[in-house]
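Remarks on the structure that follows.
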C-alpha cells in the first residue's frame, strides 16, 4: 500500500469472526417461549429432593443447619424484642387504617408464622406498617364507613388480593417491571405520606375530630376550623409521650449501650399512657376500649363485589412490598452473608397475606424499623419471627383486657414517632447535589401526593419517571472518540482533551441499544459530526472533509429492524457522498441481526473490525492514499471506492492479515503525520 515514502506498509489486524446465520438461529430460538418452558422442565427434572424442599420451604435451609447452642439465645432475644415492639405498633397502625386495634394484632399473628416458613429472609420483620395502613384507609373510606362491617371485610379482601398479586409476580418473576419506578418517586411518595399520616393523627392530640383525607389541604383546613374545640389534656399527654419516644429512639440509634431503648419505646409509651390515664383520667382523653380476647378464627374472605375498586391499591401495596420490603430483605441478606431470591421473597410475602386473610388480617409487609431492630438484636434465622408470633399469640390470649385503658393519644404518638423517619429530607438534599433531574422528580411526586392525593401523586411520579427513561433512551449518549497519546486506546474527546483524532476520519461510539425510538436522533448526530468537526487535536494527512465514519458498537446490546433500515439508509446516503462506514466490535447478536438483514454484505465484510485500533489503521492508510492521489488527473480514474477495494485486495488480503507473514517495508523516513497505530519496532 502506498505511503509517504512511496512504499507499501502492511497492516496486521485481528480478523472479526462472522457468525453463520444457521448457527445463530438456534441461539435466537433459545429465547422463544417453547425454549423457556423446556428449560424450566429440564431444571425441574434435575432437581434433587433436597433442592426441591429448599425451594418449596426456604425455612428448611436454616433448620437443617441450626445451631441451638449458638443461635437460639440471640433468636430468642430478637423475637421477644420485636414482639414487644409490635404489639403496640400493630394496634396503632390498625387505627391508622381505620380498623379496630384487634385487627392490627391479627395482622401481626398468622402472617408472621407463614412468612417464617415460606420467606427467605431471616431478619425481615413483617406485619402491619404505617404506609400500607394509610393506603388501606385511603381506598376503603371512599367505599364504606370505618364503623361498617363492610369496611372490615374489604380490608381482608384487599389482603387476599395483595397476596395473590405478590405470588403471581413472584412465580412469573415479574418484579423487574417495578424497576422502572425511580427511587426518587418512592422517596418523594413516602415523604408526602409521612406528612399525611402525621396530620391524620392530630385529632388524638387535639381532642376533636378532623376530616379524613389523603390530601394535605383538607386536613389543615379541618384542623384550623375545629381549633375552638381544642383540649389541653390529650395534647399534653400525647406530646409528652411523643417526646419520650423520640428521645428513646435517638438514644437507641446514637448510643450502642442504649440500643435496647429503640425497641422498648412503643411499649414504654403504652405503659406510660395507660398509667397516666388511670391516674389522671379526663373525659377529653379517649381510650381504646374493649378488645376481643382470643386467637382469630378461620373465615373465608367475602364481599368481592368491590374488588375492581381495590385493584389499583393492591398494585400499589405490591409495589411497596417489592421496592421496600424486598429491598430491605436483600440488604439484610448481604449484610449477614447469605443469598436471597427476590422472587421467593415475593412468594413468601404473598402467602403470608393470603393465609392471613383467612384469619382476619389486613395487608402486611416488611417493616423497615422493626427489621433494623431485628438485625441489631442479632436475629440469625426465621425462628426469631416464630418467637415474635408466639408473643403476639400470648398478647391475644391473655393481655387484651389490659389494652382497654390505653389512651388513643399514646397510640397516635407511636405512629408519629415511627413516620418521622419516613421524611427523607436528607435524600432530597443529596439529589439536589448529585442529580437535579432526580431532585425535580422527588419534588413533583412529593408535591402532587400532598395536594392531589396518593393515587394521583404516584401516577404522576411514575409517569414523569417513565418519561425521563424514554427521553434518555430516545436520546442516547453518543461520543466522538480520539486516540490517547502513546497508546492504541480510544476514548471520549470531551472526557480526555489530550486525545487526538485524524483528518478525514470520525470515530463515533453509540452508548445504547439502537431501536426505533432513537434511530432518528442517532442519524442526526452522525450528520452533525460529519459537518461540525470537533475541536480536538487532529493528525494525519490533511484532507478537506470526512471520508470515513467508524461506528464503535461494543456498548450496543441490541438492534431492531428499524435500526437495520436506518443503517441501510445511512450507508446509501454516505455512499452518495463518497463516505465509507466501518463498524467495530459488534456483539454476536447484533452482528447476527446485521448479517440476516444483509447489512454485512451491503457495507462489506472487510469494513467490520474487532477493534477501533484496526479500523482507524486501515482507514488512515486509505486517507493517505487519497491525499497522495488527489489531483486533476485523478478524476479520470475509476470510482474512489473501486480503487480502495482494489488496493485492499492487493495489499490487505485476508490471508496476509490473519497470518501476519507480510514483512514491514515502510521507510523510516516516512511521513510522521501518518503515525500508524502499530509501532515501527513491532513486526506484524
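Every residue, even glycine, has its Cβ placed from backbone N, Cα and C.
Heads up, TrEMBL stuff is auto-annotated, nobody curated it.
The domain 'STAS' annotation in TrEMBL covers 495-619.
Taken from TrEMBL, the feature region 'Disordered' covers 656-684.
The transmembrane segment annotation in TrEMBL covers 72-90 (among others).
Look at TrEMBL and you will find 102-118 (among others) tagged as transmembrane segment.
Summarising the annotation, TrEMBL assigns transmembrane segment to 125-144 (among others). Listed by sequence, the residues of this chain that lie at least six past the ends of the transmembrane segment (125-144) yet keep a Cβ under 8 A from its Cβ atoms are 82, 86, 89-90, 93-94, 96-99, 104, 107-108, 111-112, 115, 119, 150-151, 154-155, 158, 190, 193-194, 196-197, 200, 212, 214, 306, 309-310, 312-313, 316-317, 320, 324-325, 349, 352, 362-368, 370-371, 373-374, 385, 388, 415, 418-419, 422, 453-455.
The transmembrane segment annotation in TrEMBL covers 150-172 (among others).
Among the features that TrEMBL reports, transmembrane segment is placed at 184-210 (among others).
Outside the transmembrane segment (230-248) by six or more residues, the chain places 204-208, 261-262, 264-266, 268-269, 272-273, 276-277, 280, 282, 284-286, 407-410, 412-414, 416-417, 420 with a CB less than 8 A from a CB of the stretch. The transmembrane segment annotation in TrEMBL covers 230-248 (among others).
If you look up TrEMBL, you'll see 310-333 (among others) marked as transmembrane segment.
Residues annotated as transmembrane segment in TrEMBL: 345-362 (among others).
Within its own chain, the transmembrane segment (382-403) has Cβ neighbours under 8 Å at 59, 62, 66, 71-72, 74-76, 78-80, 82-84, 86-87, 90-91, 101-102, 105-106, 108-110, 112-113, 115-117, 119, 122-123, 125-126, 274, 288, 291-296, 374, counting only residues six or more beyond its boundaries. TrEMBL lists 382-403 (among others) with the feature transmembrane segment.
Taken from TrEMBL, the feature transmembrane segment covers 410-434 (among others).
TrEMBL lists 440-470 (among others) with the feature transmembrane segment.
In this chain, the transmembrane segment (102-118) does not touch the transmembrane segment (184-210); fewer than three CB pairs sit within less than 8 A of each other, excluding pairs fewer than 6 residues apart. Ranking 72-90, 150-172, 310-333, 410-434, 440-470 by CB pairs under 8 A with the transmembrane segment (345-362) puts 150-172 at the top.
A mean pLDDT of 90 is what the model gives for the domain 'STAS' (495-619). Highest Cβ contact count with the transmembrane segment (150-172) among the listed stretches 72-90, 102-118, 310-333, 410-434, 440-470 falls to 310-333 (criterion: pairs under 8 Å). Sequence-distant contacts of the transmembrane segment (102-118), counting only residues of its own chain at least 6 positions beyond either end whose CB sits under 8 Å from a CB of the stretch, comprise 57-59, 86-87, 89-95, 124, 126-128, 152, 155, 159, 291-292, 295-296, 347-349, 351-353, 355-356, 358-364, 382-383, 385-386, 388-389, 392-393, 395-396, 400. Per DSSP, the domain 'STAS' (495-619) is made up of 54 helix, 26 strand, 45 coil.
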